[in-house]
Amino acid sequence: MNDQPQEAALQRDGLSRLTAEVLAACDALACQSEVEGGISRPFLCPTTRQVHAFLSAWATRLGMTTRVDAVGNLRSRLESPVPNAPTLYLGSHLDTVPNAGKYDGVLGVVLGYALVEALADQAAELPYAIEVLGFSEEEGVRYGVSFIGSRALVGTVDDALLDLTDPEGVRVRDAIGGFGLDLAELAGAEAAPNSLGYFEIHIEQGPVLQDLGAEVGVVSAIVGQDRLSLHFTGRASHAGTTPMPLRRDALAAAARLIVGAEDLARAAPGLAATVGMIEARPGAGNVVPGEVTCSLDVRHADDAARRVALDELLALAEREASARGVEFRAEPRMTERAVPMSAPLRALLHQAAEEEGLVHPELVSGAGHDAQIMAGRMPAAMLFVRSPNGLSHHPDEQVNPQDVEAALRVGARFLVRLAESVRAGAEASA
Ligand SMILES: [Zn+2]
């Protein structure tokens, strides 16, 4: 593991200096917020301009050209000297949840620029163009729909999306115009026809890497998920005078489902099942609950396994309801398929981490990411950086500097190995 290639990219001193620069950039961008004393940056909010100015200045120092596309994605490009070279996209998102931490999204964008800097002169010699992406919208805070930024690259921003309104009644299209952007240029936001792939570095937002003692991990897939509203309808009645056999207790039926979901998910590897919301009516201590509405969230990296689990849970709810004379109805709210990450790009990430002497576990992403959208158009891969205490979507979100440096080392080596494989492919086809 110590047979360091000659690549200038992988100079240790340079990488620890760059790590400090990455962390300083995350600190600086955390000050660009719509609220004082916290970080909040919804889609196309005014402080986005300062974020763009900061990153554009960095891009200019790296010899990149920067534009903001029709939906507000920041895009900095470094051309390849090779004619008709494909484009490799690197990035993450610049919007945040309310009262966010400093690293969710931003870290991956900043690391995109840092990787171009890490490759130094080699970056201008690569057989692919690099485009660093700072997506304008991933979290879905302003419009209740996620991934507006990456949807523009894969061509799935449509009129229905553009006509959605925020709580102030501002449509997506008006927010875009108000920011000084032109929807007529939407087609120009699409990814290049010959896209080599998309690579995103993101904090894990969970405790798995910390538990494994790993700095970074290779994402195998982004989970698929089902979200439903469940309705149990029984009959409210007097808690003292209604004998147990004659009750139609909706909450007792729902409770069996909740416990069953936990039991099933604990026993099935890779399955997550959650009832996060429940409302019982009429909601009095001395009344048998007649009506219950609750949520059900089921996730798995394998779509078939998720469907089997969901069917099992709905059958359980049906059984427990009918045993109590309670009617049961399930209302689907959202279904998203699992998205496996590109096998060749994953293999290169493992190779890069191995060469850097790092452990490189594979893990599933339980949260959604832009990579799942980009995967619809090109090979996509993700590297997770350990989240201390698994904390995210919280102002105390942290990263360890040595983990950020590990991500830089793996990322830089990945880009070099990818260049080798592109050159080998070009020679083979010549
Ligand atoms: Zn994120």
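Don't overthink the numbers, they just go from 1 along the chain as shown.
Positions of Cβ are set from backbone N, Cα and C atoms, glycine also.
Feature annotation from TrEMBL assigns Zn(2+) 1 binding site to H93, D104, H202. Around H202 (Zn(2+) 1 binding site), the same-chain residues at least 6 positions away in sequence with a Cβ under 8 Å from its Cβ are S92, D104, G105, L107, G108, H369, M382, L383, F384, V385.
Around D104 (Zn(2+) 1 binding site), taking its Cβ as the centre, 25 other Cβ atoms fall within 10 Å, counting all chains. D104 (Zn(2+) 1 binding site) carries neither a helix nor a strand DSSP state and counts as coil. Marked as Zn(2+) 2 binding site by TrEMBL: D104, E139, H393.
The allantoate binding site annotation in TrEMBL covers R227, N286, R299. The Cβ neighbour count for R299 (allantoate binding site), using a 10 Å radius and every protein chain shown, is 24.
Taking H, G and I as helix, E and B as strand and the rest as coil, DSSP gives the domain 'Peptidase M20 dimerisation' (227-321) the counts 40 helix, 30 strand, 25 coil. Among the features that TrEMBL reports, domain 'Peptidase M20 dimerisation' is placed at 227-321.
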* **Residue among the binding-site residues H93, R227, H393 whose Cβ has the most other Cβ atoms within 10 Å** => H93
* Using all protein chains in view, find how many other C-beta atoms are within 10 Å of the C-beta of E139 (Zn(2+) 2 binding site). => 22
* **Nonlocal neighbours by CB distance (under 8 Å) for N286 (allantoate binding site), same chain, sequence gap 6 or more** => H238, A239, G240
* To do: Based on Cα distances to R227 (allantoate binding site), point out the closest of the binding-site residues H93, E139, H393.
  => E139
* Asked: Got a sec? Which of D104, N286, R299, the binding-site residues, have CB under 6 Å of any ligand 1 atom?
  -> D104
